[in-house]
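Engineer: For reference, the structure I am asking about is given below.
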Amino acid sequence: MNKQNNYSDDSIQVLEGLEAVRKRPGMYIGSTDKRGLHHLVYEIVDNSVDEVLNGYGNEIDVTINKDGSISIEDNGRGMPTGIHKSGKPTVEVIFTVLHAGGKFGQGGYKTSGGLHGVGASVVNALSEWLEVEIHRDGNIYHQSFKNGGSPSSGLVKKGKTKKTGTKVTFKPDDTIFKASTSFNFDVLSERLQESAFLLKNLKITLNDLRSGKERQEHYHYEEGIKEFVSYVNEGKEVLHDVATFSGEANGIEVDVAFQYNDQYSESILSFVNNVRTKDGGTHEVGFKTAMTRVFNDYARRINELKTKDKNLDGNDIREGLTAVVSVRIPEELLQFEGQTKSKLGTSEARSAVDSVVADKLPFYLEEKGQLSKSLVKKAIKAQQAREAARKAREDARSGKKNKRKDTLLSGKLTPAQSKNTEKNELYLVEGDSAGGSAKLGRDRKFQAILPLRGKVINTEKARLEDIFKNEEINTIIHTIGAGVGTDFKIEDSNYNRVIIMTDADTDGAHIQVLLLTFFFKYMKPLVQAGRVFIALPPLYKLEKGKGKTKRVEYAWTDEELNKLQKELGKGFTLQRYKGLGEMNPEQLWETTMNPETRTLIRVQVEDEVRSSKRVTTLMGDKVQPRREWIEKHVEFGMQEDQSILDNSEVQVLENDQFDEEEI
């Protein structure tokens with residue numbers, strides 16, 4: 001990496017003030033829920049990663065302190081400690097002025113993932129207090145801030161040092177983050193581990209010093225993204241060792257690693273300057289284009305594709321592919337589409353990645369002849385399966401559509417009266433008896449009921465062609481009406497919310513997992529948009545008195561049950577619901593379907609890698625990883641009258657508020 005750029009006081013540019021951050025924090029960190037809270041940490045970590053990315057330092061330590069504050073320390077050059085050209089100490093400018101950072105105008109960095117300095121000021125604005133300690137030029141400097149960014153001390157020289165680097169410690173402001181200011185070790189772990197995978201020489205340590213939560217993890221991967229791909233494919237049956245390519249074109253550094261497994265879906269993770277581009281972009285397009293072209297050329301060369309045969313589609317070639325595409329782009333070329341950094345727009349990145357892959361992949365295919373031939377045959381089978389699936393989809397959308405759809409849905413779907421797709425809800429209900437109660441108890445205007453009678457297929461282990469043959473899944477696809485797989489278009493959905501409602505037992509939980517697996521793999525935008533929910537029917541009904549003095553209460557947890565038992569005193573009757581069918585329509589409406597009183601869990605995908613690995617663990621072919629996960633996470637010996645919601649990680653929110661449960 002180029003080290004000629006001078007990271008000094010004059011390289012920090014000031015663009016605008018910081019006044020609006022506390023008034024509208026969502027504009028700067030996305031939200032003030034747990035995502036926004038953890039985003040604060042990433043802003044500071046990204047600054048440290050930028051140092052490593054540009055060749056300065058190789059260690060980052062993140063520590064959750066006993067008091068709930070968090071420290072991020074690196075061994076980079078240390079922030080500039082002189083006087084800025086604006087007349088203020090540079091450290092104060094970095095932490096109190098928005099858009100004051102080393103990125104702007106390429107003052108201090110050749111490549112940068114974050115907006116260096118921007119993050120620091122936003123974090124300061126949203127903190128109860130913040131302290132920075134700098135080791136630079138043989139001296140230790142310290143400055144502190146409080147109450148959302150006001151300096152509580154000047155930049156003070158504390159002593160001598162032989163080290164270099166920056167340490168930032170802050171405590172999030174609980175008047176901004178009202179839900180919680182408690183950091184989640186596992187959430188931080190995923191992001192930090194990702195950074196370590198992407199930079200071979202980077203060592204990251206994550207510590208938790210909180211009482212009862214003491215824990216430490218180290219992340220250092222000498223083989224970089226090669227190990228990243230292996231990590232993503234854990235628990236899957238892989239077809240070969242991880243392949244890696246590196247190169248440079250147009251001043252852009254390109255690193256690619258890939259490995260095929262025996263599954264039917266692809267997983268491509270792309271990064272720009274160590275920042276995940278969740279929506280892909282030009283670098284991902286370059287990778288896919290080159291893969292498709294090279295594989296087709298190879299297939300024709302070995303005569304698996306004849307002259308009359310049409311080319312293999314990229315989707316067929318990528319079936320079962322796991323890949324990581326990482327590019328490093330100079331600041332002057334870096335462009336993103338839209339307001340977020342989730343999609344790369346740099347046109348040069350497409351040709352750079354295409355060039356590197358097109359240069360290296362043919363040699364790999366020739367060298368691994370037997371494997372390459374089997375991958376081509378795998379793609380041809382995928383093409384045949386896709387054609388079969390396409391015909392099934394055309395059946396659903398062609399002239400036969402209405403007749404077949406009516407046949408599929410007759411006697412099953414009880415539709416909503418309204419055609420307002422922005423308000424309508426679809427309840428997927430376990431069993432006929434509960435479906436009957438739900439039909440009678442629902443609000444006919446906007447709630448549709450689809451009872452699930454047969455077996456739902458495990459879509460983790462099935463091709464799309466076979467999924468179409470499963471009556472329950474096929475009915476769900478027709479009912480939602482937005483397509484499936486790569487053809488799924490969320491804007492065509494007939495429903496704003498899809499709510500899974502099952503019994504609170506192991507069979508019900510299994511149906512939930514099967515449905516969530518399907519939605520995650522084949523209707524992912526629906527999950528990503530937060531439009532898939534799990535209904536939480538109560539576990540207990542308590543009744544006391546008669547006539548006008550009669551009192552009926554419901555409990556969703558054992559804790560609520562104990563509280564109500566004490567409140568009601570002696571003489572009440574207790575019913576434990578073992579199934580939805582035990583509730584009459586009025587009770588089902590009141591407890592589980594009425595937006596004013598019901599409790600729902602919103603299913604969210606916070607980290608795609610972690611979610612995908614969890615689905616593979618729970619729903620894949622390998623028994624041992626599933627057994628290990630269950631032994632670690634499930635507490636056995638639960639009595640019949642105990643609640644599955646005893647898990648302290650699940651927070652129940654009422655009155656149509658949503659607990660965000662990650663799959």
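Backbone N, Cα and C atoms are what each Cβ position is placed from, and that goes for glycine too.
Sharing the record's features from Swiss-Prot:
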type	residues	note
BINDING	Y7, N47, D74, G114, L115, H116, G117, V118, G119, A120, K341	ATP binding site
REGION	386-416	region 'Disordered'
COMPBIAS	387-398	compositional bias 'Basic and acidic residues'
DOMAIN	424-538	domain 'Toprim'
BINDING	E430, D503	Mg(2+) 1 binding site
SITE	K455	site 'Interaction with DNA'
SITE	N458	site 'Interaction with DNA'
BINDING	D503, D505	Mg(2+) 2 binding site
SITE	H510	site 'Interaction with DNA'
SITE	R626	site 'Interaction with DNA'
Engineer: Please report the distance from the Cα of D74 (ATP binding site) to the Cα of D503 (Mg(2+) 1 binding site), rounded to the nearest angstrom.
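Structural biologist: Distance between the two Cα atoms comes out at 50 Å.
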Engineer: Let me know the model's mean pLDDT on the domain 'Toprim' (424-538).
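Structural biologist: Mean pLDDT, the domain 'Toprim' (424-538): 86.
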Engineer: Counting only residues 6+ away in sequence within the same chain, which have a CB under 8 Å from the CB of D505 (Mg(2+) 2 binding site)?
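Structural biologist: In sequence order, K578, G579 meet the Cβ cut-off.
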Engineer: Measure from the CA atom of N458 (site 'Interaction with DNA') to the CA atom of E430 (Mg(2+) 1 binding site) and give the result in Å, rounded to a whole number.
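Structural biologist: Between the Cα atoms of E430 (Mg(2+) 1 binding site) and N458 (site 'Interaction with DNA'), the distance comes to 16 Å.
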Engineer: Quick check on the binding-site residues: of D74, E430, D503, whose CB has the lowest count of neighbouring CB atoms inside 10 Å?
Structural biologist: D503
Engineer: Could you break down the residues of the domain 'Toprim' (424-538) into DSSP helix, strand and coil, giving a count for each?
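Structural biologist: Split into helix, strand and coil, the domain 'Toprim' (424-538) gives 55 helix, 21 strand, 39 coil.
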Engineer: Taking Cα atoms as reference points, rank the recorded positions G119, D503, H510 by distance from N458 (site 'Interaction with DNA') and give the first.
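Structural biologist: Among G119, D503, H510, H510.
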Engineer: Specify the secondary structure state of G119 (ATP binding site) as given by DSSP, simplified to three classes.
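Structural biologist: In the DSSP reduction, G119 (ATP binding site) maps to helix.
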Engineer: Under a criterion of Cβ-Cβ distance under 8 Å and sequence separation of at least 6, what residues of the same chain contact K455 (site 'Interaction with DNA')?
Structural biologist: N470, E472
